[in-house]
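Enquirer: Questions regarding the structure given below will be posed in turn.
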Amino acid sequence: MGKLSKLLHAIDENILTILLTAFIFIIPLYPKLPFQFVTYTYVAIRLEDFYVGLLVAVFVIQLIRKKATLRSVFTKPIFLFWGAVFLSLLSGIYLMKTLPYHQLAFLHAARRVEYMIIFFIAINAVKSKKQFYWLFGSLMTSFALVNIYGVGQRFFSFPAVSTMNPEFAKGHILILTPEARISSTFGGHYDLAAYIVFLMPFVWGLYFRFKENMKMKVGMLALFILAVSILMLTSSRTSFIAYMVSTPFFLLYLKKYKYVVLVVIISLFLAYTEKDITQRFLQTFQVKQILVNEQTGQVVVSQRISSKSLPAGTSYIQINRPKNQASDAAAIKAQSISEAIKEAKKTGRGNVPGATDSANYIEVSAVATDISLATRLQVEWPRAIASLLKNPLLGTGPSSITESTDNDYLRWLGEFGFLGFGLFLYILYVMADYVRRKLKKVDRPQKYLFQATFFALFGLLINAGYIDVFEASKVAYVFWYTMGIFIAGLDYA
């Protein structure tokens, strides 16, 4: 009876640590299979949401029992941000009338709370140095498993579950083609790449923290090479840039100049061997001959579409080229018009723009952006800016600018206005400043590890300029978990 009592007491004292350990394996590794679809969106409720619900329920019980606390320097700014989110929600529903689907808008607002409350749970789960390293070790183990699964996905046909479009988000089990970009256990390659960029500085922090331990050093070097290889297989240009800035800068900050050279050489070599990412960089801006309808402004880009290349979009800058380099305008017109007529016959539409009025088209030599950047420049980013202009203080509310903006800064501004935008950035500043001040009392070997938080955050902030990293569930959960355990771990360093 005494042993049982001791066991139950130990579980009670460490319940958050136990549940959080399972959490950091479930979140990155469990595929994004839908459990219940939400009306008016293809974002679904998934089984991990119920686990997070269990974790939050236990945390609330521990708060009531005074075995956990919300008191910290982060409580006020985070609660103020949540308040701004729900203020934007109320404004969008009742004042701006920009949120016709109230349930969907509420779920989008609640999702911010769901992600960020993990930060408070993580802080309370760390009560000793041993618990910090246990939770950090669990994080790095799950990181290794995600990358190993990515290798299996590329070379052994391990299945993928994608949320990149409404059809895939239904939970289809996919086997990726050789030219497809790796997503591992994540819902898309962008999210996986951001996850790798965020955790890479911690790999090197751990390497230098235990530099006398040969097994640890070999293990971290192997994990580094594995993770960079998977990063290249995602072919994410923004994440590659974020990685090439954040990780080498971290090593420069530590004055590990030989390792900077090593990282750059290995990374560039792997980028060279993985032709897809090199090709995508080269195709970001493409010189094209395009046709512009003088009456309607319609743009026709004459090009062959292939799954192996990134097509040009219709966002372009006109350039002047020597006549001997210009293609035959008449031939381009004829080709484009012929394709339009074929499309009209195929679909049964008799009046396709460009099929009958070729005289309205002029040829333009231009530098066109790829379709990915063009979508952002022409649709997603202007939509977010328009939302901000409608209500600069509060924005138009959560979910008002669809599922993604592909720029977290513009998304915060569009949905939550300058109030929510400023408060979120203030939270990140408070966390970074707290780590900076606490580091003064940390000894050198451990300092390597904790200094990685600055550069991990920096890499994520670079990524946020091109994708919604803080709204991507797996990345967001891992971010708040990591920041929570590191901020708590500073008290035991």
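Keep in mind that glycine also has a Cβ here, set from the backbone N, Cα and C atoms.
Not my notes, these are from TrEMBL:
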TRANSMEM  7-30  transmembrane segment
TRANSMEM  50-66  transmembrane segment
TRANSMEM  78-97  transmembrane segment
TRANSMEM  109-126  transmembrane segment
TRANSMEM  133-152  transmembrane segment
TRANSMEM  192-210  transmembrane segment
TRANSMEM  222-245  transmembrane segment
DOMAIN    223-425  domain 'O-antigen ligase-related'
TRANSMEM  257-273  transmembrane segment
TRANSMEM  409-428  transmembrane segment
TRANSMEM  448-467  transmembrane segment
TRANSMEM  474-492  transmembrane segment
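Help me see these features in their spatial surroundings.
Expert: Within its own chain, the transmembrane segment (109-126) is flanked in space by residues 16-17, 20, 23, 49, 52, 55-56, 59, 62, 68-70, 72, 74-75, 78, 81-82, 85-86, 88-89, 132, 135, 398, 470-471, 473, 476-477, 480-485, 487-489, 491-492, which lie at least six positions past its ends and keep a Cβ under 8 Å from the stretch.
Same-chain residues lying 6 or more positions outside the transmembrane segment (133-152) and placing a CB less than 8 Å from one of its CB atoms are 17, 20-21, 24-25, 28-29, 122, 125-126, 158, 182, 184-186, 192, 195-196, 199, 202-203, 206, 223, 226-227, 229-230, 233, 478, 481-482, 485-486, 489.
Outside the transmembrane segment (192-210), and at least 6 residues removed from its termini, the chain residues within Cβ reach (under 8 Å) are 28, 136, 139-140, 143, 146-147, 150, 182-184, 186, 216-217, 220-221, 223-224, 227-228, 230-231, 234, 236, 238-240, 242-243, 246-247, 250-251, 254, 256, 259, 445-446, 448-453, 455-456, 459-460, 462-463, 467, 469, 472, 474-475, 478-479, 482.
Remote same-chain partners of the transmembrane segment (222-245), defined as residues 6 or more beyond its termini with a Cβ less than 8 Å from a stretch Cβ, comprise 140, 143-144, 147-148, 150-151, 154, 181-184, 189-190, 192-194, 196-197, 199-200, 203-204, 207, 263-264, 266-267, 270-271, 273-274, 276-277, 280-281, 284, 458-460, 462-463, 465-467.
Listed as Cβ neighbours of the transmembrane segment (409-428) (distance under 8 Å, sequence separation of 6 or more from its ends, same chain) are residues 74, 77-78, 80-81, 84-85, 87-88, 380-381, 383-388, 391-401, 457, 461, 464-465, 468, 470-471.
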Enquirer: At least three Cβ pairs under 8 Å linking the transmembrane segment (448-467) and the transmembrane segment (474-492), pairs spaced 6 or more in sequence?
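Expert: These two segments touch.
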Enquirer: Can you name the far-off residues of the same chain, 6+ from the ends of the transmembrane segment (474-492), with a Cβ under 8 Å from a Cβ of it?
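Expert: Result: 20, 23-24, 27-28, 32, 52, 74, 115-116, 118-126, 128-129, 132, 135-136, 139, 186-187, 191, 194-195, 198-199, 202, 431, 434-435, 438-439, 442, 450, 453, 456-457, 460.
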Enquirer: Can you tell me which parts of the same chain pack against the transmembrane segment (78-97), counting only residues 6+ beyond its ends and a CB-CB cutoff under 8 A?
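Expert: Long-range Cβ neighbours of the transmembrane segment (78-97): 105-106, 109, 112-113, 116, 119-120, 390-391, 394-398, 400, 415-417, 419-420, 423-424, 427.
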